[in-house]
Structures are given as structure tokens and as C-alpha cells.
Amino acid sequence: MSSVNTLRGPIDSSRIGTALMHEHIMARNPELEQNIVHPEYDEAAIFERARKSLTSLHVDKGIDTFVDLTVLGLGRDVPTVRRLTEGVPLNIVVATGYYTAKDLPTYFHTHAPDGLVGKTLGGPDVLEKMFLDDLTNGIPRTDGVKAGIIKIVTDEHGITGDLDRVYRAAARAQAETGVPISTHTNVHFANGRDQQKWFKANGVDLERTVIGHSGDSTDLDYLKELMDNGSFLGMDRFGMEFVLDDESRVDTLEKLLAQGYAEKITLSHDAGFFSINTPPSWRAKHTPNWHHHRISDYVLPELRKRGVTEDQITQMMVVNPVQVLTGDADAAKAAAVQAGIS
């Protein structure tokens, strides 16, 4: 049986269970936080709230695995996440990758293979080395915690310049390790098409990719095209109603399920417990449903009301995550049998 690396070490694929595939615990900006004291950043209070919510997510909502796609550029801090989640009964998969829509920091330019420093050092691109080290040797300062997934981004600028370099590093790391690639997209620019075109041209198996934030779109033809080409869809922003209301998100999902696409969809929220960019007071007022319980509390009951079957829900929440995280069709079939899907 296949295994998946988590915050507490590798687990057998049979333990993945019900999974949220695109989440965050905290998105941070260390440089800003060192120089701007945000009145709402209270670590003890955030830890308490997060532990309570994450524990309830498992105990009360039946979620077993939580994929935290916070990477460099979003303030990845795995030692803090490990401390925060001590005793929390969830499998937490952490990610490698880089979050930028356009430019990389100067370090990655000076240390590029043809950069001021890099050309004197030789060896692989520092981005590729970082991704591979995170996946195979362990993330720095974590006593060997290994990433289990790669996260990369495309937005309004497309895959140009620095982004192409990030994608090349991700593709090489994916090819060497077999882990999946999960993406950020902006549906207003149909980034999923650009990503698939790049992946196909550079030898990335689309079956090992999740096109993220696809649930921001109501364009069925676009969404079906991405799935027909092989990728999974991340319908992963439930509760983020300042982008698209949840009724529209559920409507779109219901239509895709009615057309037989349950085997290519994953569900999640892209939510977190603290971000200096959208602090808790703003979220409470402007997007109160954006939290990690929204799928359990609203989306699944609403789907059931509309006639979506338990097998379809289990396919999206249990079987597909196993397929994505392991790339092992036999493990996914075993998960389906274990979950009672005929």
C-alpha cells in the first residue's frame, strides 16, 4: 500500500480518510509582522481557537486529513504549525513550492544557475533543490518533516519569467518524487488552460495535478475541459463569498456531478485562522462563512437535499484525495471499497 508524508511522519494510504485538499492554518508575512504590530495577532488566542476548530473538524465533522498548502511566499512556518497542532487528531500534509504571481525575491536571482552567485557555485537551481529537499530530506528546522505535495501559482501575469522557473523546478521535483502538484488560479484569466498547456509541453502528467480555485468559475465548459484533459478540479473556496456566493458554487458542483464528473473533483475552503492581509475582524464582518467547517455544515447537506448521492460525496472527499496524494489507482480502489462504494 502507498504512503503519504504528513506533519507527524508517513501514513499508510488507508489512513487518509476524508480529506480537505486545499487549506491553510496561517498565512503570514514575517517581515511585515516584525515591523507592524497587528492588534489582532495574539498567538495564544490563535492557537487555542485553531486547536479547538481542528479537533472539532475531526471529532464532530469526520475529517481525517487536512492539506495545508502554505508555502514560501505565504509565510510557511512548519515548526509553528507543528507546535500549534500538537495533540490535534488530524493528519496534516504540508507543502513545498513558491507562492508568487510574478517575481521571485533577489536571493533566487543571485543564486540562479546563471546568477551572480549561482554561476560560481554550480549545481542545480536553488528552487529545484529546495523543493526536492523539502520532499525527500525534510523541511529545515523541523526534525525531518517532509512535504507531501507541491503548490505553485498562476494569476493575471501568466507563466512568464520567474513563474516559468518556478514551474520548471516544480516539474522536475514532481517527476523525481511522484508527488502531486496543486495550483492557484484566477478563473477570470482561465489560468487552468495555461497551466495544462505548460504541464503537457513539459512532461507533467495532468492526472497528477489539481487545478485550484476552479470553484470560483461557473463556466461548465471550461471546468469540464480541464477535467477531460486529465486534471482534478479544486472546488476549494467554499465560504469565500466575496469572490462567489456559495449557492452558485453548489449549483455548479451539482451540475458537474449530474454529468458524471465526481471522479475528478476535490473539495476544500482555502481558509485559515490568521492572515495579516484579511484579519479576523474583517472576515467576521465581510465573509463570516469562510471557515473550515463550511463544507460539513452547509455544502454537503445542501448537496444531499439536491439528490447528490453518498457515493458521489465519498468519491470527492475520500477516494479522490487518495488518488491525488498517492497517484496509486489500487490505493484509491481500496479506499472506495473501504468506504462502501460499489
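Glycine is no exception: its Cβ is also placed from the backbone N, Cα and C atoms.
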Check TrEMBL for me: it has H22, H24, D270 binding Zn(2+) 1, so pick out which one of K146, K151 it puts in that same site.
K151
Identity of the Zn(2+) 2-site residue among H111, H213 (reference: K151, H184, source: TrEMBL):
H213
Around the Cβ of H22 (Zn(2+) 1 binding site), the count of other Cβ atoms that are within 10 Å:
27
Check the binding-site residues H24, K151, H184, H213 for other C-beta atoms within 10 angstroms of each C-beta and report the one with the most.
K151
I need the CA-to-CA distance for H213 (Zn(2+) 2 binding site) versus D270 (Zn(2+) 1 binding site), whole Å please.
8
If the Zn(2+) 2 site is taken as the center of the Cβ atoms of K151, H184, H213, which further residues of that chain fall within 8 Å of it by their Cβ?
H22, L69, Y99, I152, V153, S182, T183, T185, G212, G234, D270
